Amino acid sequence: TWNALSTGTCTRTLRKHADYVTCLATTEKNNAVVASGGLRGEVFIWDIEVALASAAKCNDTMDEDHSNGTNASGNSSLLKTAKSSNNIPMNTTQIEGYIPIVAKGHKESVYALAMNEGGTLLVSGGTEKVVRVWDARSGSKTLKLKGHTDNIRALLLDSTGRFCLSGSSDSMIRLWDLGQQRCIHTYAVHTDSVWALASTSTFSHVYSGGRDFSVYVTDLQTRESALLCTEENPVLQLALHDDNIWVASTDSSVHRWNAEGRNPQKIFEGDNSLLTGNLSFSRAKVSSEESTLDPVYKQPTLTIPGIPAIVKLEVLNNRRHVLTKDTSGLVKLWEITKGAVVEDYGKVSMEKKIKELFEKEDLPVWFTVDIRLGCLSIHLDSPQCFVVEMSFADLNIADKPKDDKVNMAQETLKGLFANWLRKRKQRRGSAASTNGELLPGKDIGIRSNTTPIMDGSSENNETDAVIYPPFQFSNIFPPSLVTEGNHGGQWKKKITNLDGTEDEKDFPGWFLDCILNNLLPSAENTNTNENTNTNTNAK
C-alpha cells in the first residue's frame with residue numbers, strides 16, 4: 001500500500017500471491033477491504049485494518065519476548081512497513097494470526113475484479129471466459145456467468161451489486177443482471193479487445209477503451225454509442241472524474257479528456273453517434289461507419305507527460321556501451337558501467353549509427369540486458385560476469401600503469417555500492433569506537449594497482465575505496481538495484497538509499513566475496529555456466 005499524498009512512500013507490503021498480481025478491487029465506502037487477483041487463478045480478499053491490528057499485536061509480542069531475552073516463535077510476516085518506495089523488501093514473511101480470505105474456483109489466470117459499494121460482493125474474470133460472483137465476506141462462490149468467447153479484461157459493478165458490466169478480448173461489452181443470473185444486453189462497440197471500463201455514478205452510461213485506440217461512451221438503456229476520442233496507442237485504463245476522463249495507454253503519458261461525466265447525454269446531441277444493438281448487424285454498422293465516424297473531442301484538455309520507453313537496443317562490441325531507441329525516436333548511447341547516457345544522437349537511423357560505431361574487437365559477454373520495463377535492465381550473474389578485464393589505457397584512466405587491468409564487473413559493483421561501502425565503514429567504525437573493540441570483517445582499504453586476484457590467494461584482500469570515473473554512478477539519477485540474498489528473498493533499493501545497515505545475508509555470497517574481500521571466481525570457473533539465480537539490475 002502507498003501513501004498517495006506523499007512523494008511515493010510505500011507504507012506496507014502484503015505478500016501471498018505465488019505469481020504476478022494483475023488486478024485489484026476496492027470500494028470508496030469501505031476501502032479497508034481490498035481484493036487482488038493474479039496469474040495462477042488466485043483471488044485473495046484482504047482486510048487492511050485487521051491485518052494491521054494483527055501486525056501490531058505480533059510486534060508487541062516480539063518486543064515483549066525480546067525484552068525477556070527470548071525469540072518469538074511462529075511464522076514471519078506477510079505485511080511489512082517499508083521506509084520508502086525505493087526501499088521495498090520483497091522477502092516479507094507471513095504475519096502470525098492473519099490470513100486473507102481465499103476465493104477458490106479459478107483454474108486459470110485472473111485479469112479483472114470489481115466490488116460493490118458495500119464491499120460485500122466481488123466479481124472476477126479472466127482467461128476462463130466466465131464471470132464469477134463471490135461473497136466477499138466469506139470467499140464463497142455464488143454463481144458463474146457464461147457468454148464471452150475470449151479473455152475477460154474489465155469488470156464493473158453498480159453500487160447495489162445488482163448489475164455487472166464486462167469487457168472482453170472478444171470485443172464485446174455485456175450487461176449482466178445478477179439477480180436474474182443472465183446477460184440482458186450486449187454492446188458491439190469496439191472492433192478489437194475491450195481492456196477498460198468506467199461508468200457514471202448512476203450506471204446509466206459506460207465509457208470503454210481498448211486495443212483499437214478508441215474511447216466510446218454508451219447509453220446502457222438506448223444502446224446508443226459515440227466515439228468520444230482516439231488515442232495514439234491501445235487504451236489500458238480509464239478513470240472518470242467529474243466532467244473529465246483520464247486515459248492511460250501503452251504510452252507513458254496520461255491524457256485527460258472532456259467526458260461530460262455529469263451529463264453524458266450532451267455528447268449524443270451531435271451526429272457522431274451510432275446504435276450498438278446485438279450481434280452481427282451492429283458489428284457491421286460499427287465497421288462500416290468507423291472510417292467516417294469522427295471523435296467528439298480531437299485533443300485532450302491536459303497531458304501528464306511520461307518518459308519515453310526504450311523499445312530497441314544494441315550491445316556494442318566493446319561491452320561497455322549500449323545503443324538504444326525510444327518511443328519518441330531518439331537514439332542514445334549508454335555507458336552501462338556508470339548508468340548514464342554519454343551521447344544523444346537525436347532522431348537518426350539506429351541501423352546507420354550501429355554501423356558507424358562498429359568495432360572489430362569483440363569482447364566476451366559479461367552481462368545481459370533487457371528492456372521489458374521500458375528502461376535498461378542490466379543483469380550480472382556469477383561467475384560469467386567476471387570474464388572481462390580492461391586496461392587502464394582502454395578505460396582512459398590517467399596516472400595508472402597503462403597495462404594494468406581491472407575486472408569490469410568488480411569495478412561496476414564497487415561503483416554501484418560505493419554509498420553502501422562508505423556508510424557501512426562509518427557505522428562499523430562508530431560501533432567499534434563506542435564499544436572499544438574492533439568488529440570482525442573486512443572494510444575498504446587502499447587501492448592496489450595489481451591485476452585482480454582470480455583465485456582468492458591474496459594476503460591483502462581488502463577492496464578499495466577509490467571509484468574510477470568510468471564506474472561512477474549518478475546520485476541525481478541513481479539506478480535501482482534488485483538482488484537476491486543467500487536466503488533466497490529478493491529486494492529492491494536505489495543505490496542512494498543503501499545506508500550500511502543491510503544484513504549481509506540479504507546479498508549473494510559471490511557478491512560479498514567480490515566487494516568486501518576482493519575475491520573472484522577462479523579462472524577455470526569463469527568458463528562454466530553456474531546458475532546462481534542472482535540478478536543485479538541497474539535501471
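Cβ coordinates are placed from backbone N, Cα and C, and glycine is handled just like the others.
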Region 'Disordered' range according to TrEMBL, out of 141-162, 273-294, 427-448: 427-448
Number of helical, extended and coil residues in the repeat 'WD' (14-49), per DSSP: 2 helix, 17 strand, 17 coil
PLDDT averaged over every residue in the repeat 'WD' (145-186): 96
Helix, strand and coil residues within the repeat 'WD' (103-144) as assigned by DSSP: 0 helix, 23 strand, 19 coil
